[in-house]
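K.L.:
Have a look at the structure that comes next, please.
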Amino acid sequence: MEAKKRIFSGIQPTGNLTLGNYIGALRNFSLLQDEYDCLYSIVDLHAITVRQNPAELRKACLRTLAIFLASGLDPEKNIIYFQSHVHQHAELSWILNCFTYMGELSRMTQFKDKSQKHADNINAGLFTYPVLMAADILLYQTDLVPIGADQKQHLELARNVADRFNKIYGDVFVVPEGYFPKVGARVMSLQEPTRKMSKSDPEDTYIAILDNPDIIRKKLRRAITDSESEVRFDPENKPGVSNLMSILSALSGKSMEAIQADFANTGYGAFKDAVADAVISALEPIQKRYAEISADKEYLQKVLTSGAERADAIARRTMRKVRKKVGLAPLEL
Ligand code: AMP
Ligand code: TRP
């Protein structure tokens, strides 16, 4: 049997994970767990490139882990762990810094955006953020990286750095490819449906995976639509309605045509309620499992320890090779 391809993805432990994260990422992750060899890292080191409240960050880290597990990711089949628990991320990141050019990093649009947003704290970590991301990916000899469009530029950098390193030292790293799942709509903001739904935007623009049913219904009722009353898929002219249709379709499996037919004569009120029903019934079981899992510290401890150990075993092999190639003093003569 051919070896399974390896998948790596990182998710930041900040704020609330949203319905967008669920439909676009988490739900697909659990579909991949049998076919691929998957690592999912909660990237706490990336999170501190912007100032964080320590107590909040600690909570957000555990919350993210519990949500991963609650949404169906099996910690036996997947390696789920915290980035900072595997020290090789920081180590390889340093080495790759020495193979990455200032010019390349200056071109990163996320750096430009973030340095505008956090003008009082344009730290070196924010600048070299993509190098840490490259280290995350290359440490595990990753074949495929599921990412959103906003991370394409960072993945391209990781590929270039891997290539550069391989050209000098021979084949050390697998050069990773992006992975864009077939299903997985881009979920848009409820208030500004031409922008992606994001946990860093105001509360009323997104549905959090842990939002209770009343809040979900309220947020969807207030979602921006348009002045017509026709439920029709037309992202250009009807971005709000089309977004709600995509959500309903992603959760119910119904086609756009079927949804359009179902709500041909109902107006937006009934349509929004149906979207709310679908979202609530998709999230309720996750929330129930979340409550159980997050109360079970022993289980969480087991998952995070075993995840870090298994990740470390792979990372160690890559680092041994890298250290030797670049000529770092051997641990054993
Ligand atoms: P982020 O929350 O931006 O760190 O993204 C984490 C993962 O969730 C990435 O794989 C994104 O592609 C996915 N994701 C985030 N927001 C959305 C969204 N609004 N629609 C679809 N996928 C999303
Ligand atoms: N930068 C990614 C984001 O903000 C998170 C991330 C960190 C990541 N390391 C990664 C994604 C490695 C994929 C692979 O979404």
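Yeah, the Cβs are placed from backbone N, Cα and C, and that goes for glycine too.
Just so you know, TrEMBL annotations are computer predictions that nobody has curated.
Reproduced below are the annotations present in TrEMBL:
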BINDING   Gln12, Pro13, Thr14, Gly20, Asn21, Gly148, Ala149, Asp150, Val187, Lys196, Met197, Ser198, Lys199, Ser200  ATP binding site
BINDING   Asp136  L-tryptophan binding site
MOTIF     13-21  motif ''HIGH' region'
MOTIF     196-200  motif ''KMSKS' region'
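For each listed feature, how buried is it and what is near it?
P.N.:
The DSSP secondary structure for Gln12 (ATP binding site) is coil. Cβ neighbours within 10 Å of Gln12 (ATP binding site), excluding its own Cβ and spanning all shown chains: 19.
For Asp136 (L-tryptophan binding site), the same-chain residues that are 6 or more apart in sequence and have a Cβ closer than 8 Å to its Cβ are Phe8, Gly10, Ser41, Val43, Gln83, His89. In the three-state DSSP scheme, Asp136 (L-tryptophan binding site) falls into the helix class.
When averaged over the motif ''HIGH' region' (13-21), pLDDT in the model lands at 88.
Beyond the motif ''KMSKS' region' (196-200), the same-chain residues lying 6 or more positions past its ends with a Cβ under 8 Å from any Cβ of the stretch are 14-21, 148, 150, 186-190, 206-208.
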K.L.:
Out of Thr14, Asn21, which has the highest number of nearby Cβ atoms, where nearby means within 10 Å of its Cβ, if these are the binding-site residues?
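P.N.:
Counting every other Cβ within 10 Å of each candidate, the maximum falls on Asn21.
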K.L.:
Listed binding-site residues: Gln12, Thr14, Val187, Lys199. Which have a CB under 6 angstroms from an atom of ligand 2?
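P.N.:
Only Gln12 qualify.
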K.L.:
Check the binding-site residues Ala149, Met197 for other C-beta atoms within 10 angstroms of each C-beta and report the one with the most.
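P.N.:
Buried the deepest by this measure is Met197.
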K.L.:
Measuring Cα to Cα across Gln12, Pro13, Thr14, Gly20, Asn21, Gly148, Ala149, Asp150, Val187, Lys196, Met197, Ser198, Lys199, Ser200, which the record gives as the ATP binders, how far apart are the two most distant ones in Å?
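P.N.:
So the maximum pairwise Cα distance among the ATP binders is 19 Å.
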K.L.:
Provide the three-state DSSP residue tally for the motif ''KMSKS' region' (196-200): helix first, then strand, then coil.
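P.N.:
Split into helix, strand and coil, the motif ''KMSKS' region' (196-200) gives 0 helix, 1 strand, 4 coil.
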K.L.:
Select, from Thr14, Asp136, Ala149, each of the binding-site residues with a Cβ positioned under 6 A from at least one atom of ligand 1; if none does, say none.
P.N.:
none
K.L.:
Report the same-chain neighbours of Val187 (ATP binding site): residues 6+ apart in sequence with Cβ closer than 8 Å to its Cβ, ordered by sequence.
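P.N.:
Long-range Cβ contacts: Thr18, Leu19, Gly20, Ile23, Gly24, Lys196, Met197, Asn243, Ser246, Ile247, Ala250.
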